[in-house]
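Structure, as structure tokens:
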Amino acid sequence: MHLTNPTWVHHEGGAIYSVDIHPTMDKLATCGQGDVGGCGLVIIWNLRPIQSERAYADTTCHKILARIQHQAGVNCVRWSHDGDLLACASDDKVITIYEYGGRVQSAGSIGSKSVVNVEKYRLSHTLHTHSMEVLSVEWSSDGRYLASASMDNTVVVWNAKKLPERIVVLDAARGGHNGPVKGLSWDPIGKYLATQSADKSLRLWTTDNWQCDTVITKPFSQSSQTTMFSRLDWSPDGQFSLRPEWDTELDLVGHRRAVTAIRVCPSLLSYVDYSGKTIQVTCIAIGSRDKSLSVWVLPRVKRPIVVLQRLFKHSVTDMSWRGTDLVVSSQDGSIKYLSFREKELGTMLSPQKMTLHQRRIRSLIQPEELMATRKAEAAVPKESAKAAESVTSTQRAASKALTEQRQQQMEVRTSDGKRRIQPIFLGSTVDEEPAPPPPPPPSHLKSQASSQVDEAMPSDSDDARDKSPSKSVARLASTDDSMVESTDDDVDSSDVDASAKADKEAANLEELSKRTKMMMADFKKPMLRPVDSIRIDVTQANAVLDVPEQRATISEGVQGVLGDTIEVDNDWVMGGVRASHVSYLHSRTPVWSVEIAPTVAVVVANRFWTVIGCYDRSVFVYSSTNGKVHFRNQLDSAPVRMGINGHKMYVLTQTGHLSTWDIDKIKAILSRQSITDCVVKDANLMSISVTSTGIPLLGFSTGNIFTFSLDMNCWQIVDSMSPLMKLCDSIDADELPDGPVGKLLKRRKRPGLLPSIPRGVSSSVKESLLEGWLLAAKTTGSPTDFRGLLMSYVQQLVRNRSLSKLADVLHDLSEPGSICGVQRGALRADLERIVASDPITSSLLTSMDSNSMVF
């Protein structure tokens with residue numbers, strides 16, 4: 001382990017309350033108090049000088065990237081998972097969101113003239129709801145939510161995709177805390193939000209309905225609430241916290257004073273234990289008020305990997321991981337940087353293996369409420385029932401023995417009278433008894449696998465739903481090496497030899513019981529909500545997208561109408577007939593409702609139209625005013641995502657076909673156009689929208705943005721993360737228009753201009769970039785985008801004194817008529833004023849008027 005003490009990282013004597021490393025791992029943010037009493041301060045630091053002495057000695061390497069002052073102390077700072085946004089929780093009762101604006105040279109820092117910023121951050125949103133100091137803020141793992149915790153005893157969940165929209169306030173009325181909430185953390189699996197309070201409780205909230213699922217108080221009943229923060233965290237796969245009874249049998253003892261912060265390494269590690277066996281472990285860092293830090297590897301390791309006593313002069317406040325490196329902050333206004341070697345912590349799993357590991361866990365998750373339905377539907381012969389009972393009895397006996405074994409905790413007293421208590425771990429990576437596979441799920445819930453998609457249409461009738469074949473997923477078992485998945489095809493019970501099946505299960509049980517007995521743990525299997533980004537698999541020029549997981553109820557807000565919602569009940573039953581019930585609510589008062597036979601997958605609505613997409617490939621469009629059906633279309637496959645903008649809408653299907661329609665005119669604008677041409681390997685679809693003219697805009701995780709040209713009948717690239725961006729002059733967000741194309745471009749994070757690039761090269765690259773954006777604006781038909789980008793383009797041509805291109809633009813606008821809804825004559829008049837501002841380009845106007853130039 002290597003410990004670095006960057007003394008130059010400080011807040012000029014003020015405390016540092018929080019630290020967070022950027023997702024790109026090249027910079028970190030600290031927050032706390034400034035040099036003036038009562039004021040707050042956020043500083044963005046360059047990580048390179050901290051990691052490398054050579055970079056520290058390099059005078060051209062900036063140590064401070066940005067400095068942002070606040071009116072009140074800042075208690076917590078967190079980067080969004082895409083790195084574009086920075087959330088700050090402060091004592092002035094608000095959450096401030098800053099957006100990265102590029103690496104540009106400015107006149108100074110925000111609120112100060114003592115430091116020159118090299119990165120630009122603009123105030124994006126200010127979130128107001130809390131009535132007292134905000135102590136903590138966290139982004140959800142999928143980027144959909146932002147949660148904030150406050151001294152006012154509440155937790156507020158915000159819609160991270162539509163800030164400042166607020167989703168829910170978790171207060172005492174919803175079973176919340178009775179004291180200040182000092183910490184919170186999102187479950188990486190997607191099921192829970194954990195909150196910890198001064199009322200000596202830890203509460204687990206379900207993200208499906210935002211209800212309090214579990215309250216844990218026993219471990220904290222004798223604790224003293226002396227910490228300013230209680231920063232908690234989850235293991236990277238969520239397994240250490242997901243327990244059927246939320247047990248608390250694991251104690252990590254050793255710190256002499258209260259623990260203030262816990263941070264878990266975001267990736268699992270391959271660790272070689274004392275016996276030479278390679279296992280997958282989780283690394284946990286614990287900071288305390290005793291000014292010390294301990295690092296643990298769980299499970300299997302019975303003592304900390306390292307303990308650093310008196311690391312600071314004051315208590316630890318926060319920590320952040322960078323791979324196997326750790327940054328720790330303290331209330332004394334300093335930070336420490338710890339770098340671990342592989343033989344100390346282990347080797348991090350590759351992103352591909354980590355993704356596969358989490359995907360395997362998620363693919364095995366089954367909703368608990370299905371168990372009762374499965375038992376009712378299963379007709380098991382008496383012989384099979386007896387055999388299953390025999391196996392169950394054996395399993396219960398083994399489980400009871402292991403439970404008793406778990407409860408024995410070893411305690412040793414040293415010669416000086418000190419107690420050493422050996423930690424006992426909740427679960428292991430070996431499972432000695434197999435569990436019988438669960439009964440088959442209802443057939444209207446289609447099973448999904450990552451490698452293939454069941455394209456059979458669900459039947460509208462109840463009989464068809466009950467009889468259709470499906471796949472059942474066997475119990476999730478934890479092994480030494482990986483999570484094991486097994487599936488069995490369901491068959492008719494009359495075709496099964498119950499006795500043979502029971503014998504086979506007993507033989508398997510006997511074989512597995514020969515393994516070394518260790519602790520068992522059955523995990524809760526939460527139902528995951530769909531995330532905003534869509535994974536795309538491309539095989540044989542066909543795209544296959546993940547279908548949204550079926551939900552019993554769906555609630556979606558109506559765009560542009562505050563308080564109006566669309567409520568869907570997919571389990572509505574009347575007279576023995578099952579259907580889906582759709583209701584339009586205005587301030588929770590029903591306005592209209594309809595019943596449809598298929599199960600609803602996706603819902604979008606605005607003040608004009610309500611669009612319902614179903615698993616049977618149908619799409620219903622209703623009037624939002626009275627619920628009158630406008631039209632019903634049939635798609636090539638199930639809808640994955642839909643959107644609406646005024647009277648225009650889009651629908652993207654499971655097979656990767658995109659259609660856009662003019663709802664009012666009942667007319668197709670784009671019909672079943674495949675997005676395969678836009679997809680590259682390992683690309684996720686991050687955003688999709690439709691303009692007011694019905695033209696789509698697609699954004700991918702690779703940084704590419706596409707639109708569709710109706711005239712050319714092909715996809716057109718709007719922008720890409722090309723290496724040429726490093727040769728381009730900076731483009732401020734203020735230079736970009738507020739149209740659909742401009743808004744997408746404003747969110748882009750672009751590299752700064754490399755040093756020593758000739759001005760002619762950088763100007764030429766920027767000129768070409770603006771030409772591509774202008775072409776995209778013309779394709780989408782947005783007057784705001786076209787006018788704004790045309791002005792920027794002409795300004796660049798004037799700076800470059802590109803007379804030929806200027807003449808071409810002015811000649812094109814001399815024709816009568818309009819372009820993108822803007823009169824050509826009005827555009828030309830505005831551009832001539834820009835051209836006339838330069839003495840050389842102004843001569844172009846005189847020459848054109850006298851017809852002395854030939855084009």
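Note: Cβ is positioned from N, Cα and C throughout, glycine not excepted.
If you check TrEMBL, you get these features:
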- 1-221: domain 'CAF1B/HIR1 beta-propeller' (DOMAIN)
- 67-99: repeat 'WD' (REPEAT)
- 127-159: repeat 'WD' (REPEAT)
- 174-205: repeat 'WD' (REPEAT)
- 375-505: region 'Disordered' (REGION)
- 390-412: compositional bias 'Polar residues' (COMPBIAS)
- 482-495: compositional bias 'Acidic residues' (COMPBIAS)
- 635-813: domain 'Protein HIRA-like C-terminal' (DOMAIN)
- Query: Mind checking how the repeat 'WD' (174-205) divides into helix, strand and coil residues in DSSP?
  - Reply: 1 helix, 17 strand, 14 coil
- Note on the structure: Under 8 Å Cβ-Cβ from the repeat 'WD' (127-159), and at least six residues away from its ends along the same chain, one finds 75-82, 87-91, 93-97, 165-172, 176-188, 190, 193, 195, 197, 205, 207, 210, 228-229, 231, 531-533
- Secondary structure composition of the repeat 'WD' (127-159) [DSSP: H/G/I, E/B, coil]: 0 helix, 19 strand, 14 coil
- Using DSSP three-state counts, the residues of the repeat 'WD' (67-99) come to 0 helix, 22 strand, 11 coil
